[in-house]
Amino acid sequence: MNNEQLKIPQATAKRLPLYYRFLKNLHASGKQRVSSAELSDAVKVDSATIRRDFSYFGALGKKGYGYNVNYLLSFFRKTLDQDEITEVALVGVGNLGTAFLNYNFTKNNNTKIVMAFDVDKAKVGAKVGGVPVYHLDELEERLHDEISVAILTVPAHVAQAITDRLVKKGIKGILNFTPARLNVPDNIRVHHIDLAIELQSLVYFLKNYPSK
Ligand code: ATP
């Protein structure tokens, strides 16, 4: 993330990877321009929001023309630091952790899980999806300055203690897949994805707001 992006509202910044992925596909299929309506349809964000988001990037769509795909792509590439690979550590090589290691995100963006940790003897020492699994005891020794992000896929009751160690070692961002609410200092960013809650909330909305 560079300074330019700091001026962009957080809600907009969160949508950047979504726009970026779609625009890359458009570019690959040879399209030069795209309208906010087309984008809206593809990324499921309403077109007024898209126009407002894009105005922060200095991209002003022209009526009857739309947006220049190359301009947007070069903006996103710069803003999202796509030329640089962000190295990530994962803690907890259970069912979910194993799935992430096998998937490893490389198709869609430049983040890469480079090491994993667990306490289970059966998992430590192995490679999963090409990624080495180390014992949690080696966390401090193995983590290095290039790794600023961690994914947590451990049982909830150990999440806070592991978080404290990650923060102490200099991790700046945590993607938390455990149900635990994590306490971290203000300069650390936690994104919480509780899949059970998301699913429950989807079912609730389907039941209570069936038409939309
Ligand atoms: P599995 O079926 O492999 O146990 P799971 O996702 O259902 O997977 P969980 O109990 O959620 O199992 O544990 C996820 C992973 O976290 C497991 O691989 C477990 O060994 C690991 N784990 C448990 N405690 C710790 C810890 N303190 N530090 C690191 N990893 C841990």
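Here the Cβ of each residue, glycine as well, is placed from N, Cα and C on the backbone.
Helix, strand and coil counts under DSSP for the DNA-binding region (18-57) come to 29 helix, 2 strand, 9 coil. What TrEMBL lists as DNA-binding region is 18-57.
L96 (NAD(+) binding site) is surrounded by 17 other CB atoms, counting those within 10 A of its CB over all protein chains shown. Under DSSP, L96 (NAD(+) binding site) is assigned to a helix (H, G or I) in the three-state scheme. The annotation NAD(+) binding site is assigned in TrEMBL to G92, V93, G94, N95, L96, G97.
As annotated by TrEMBL, domain 'CoA-binding' applies to 81-181.
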In the structure shown, which of the binding-site residues G92, G94, G97 has the fewest other Cβ atoms within 10 Å?
G94
So, by DSSP, how many helix, strand and coil residues make up the domain 'CoA-binding' (81-181)?
29 helix, 31 strand, 41 coil
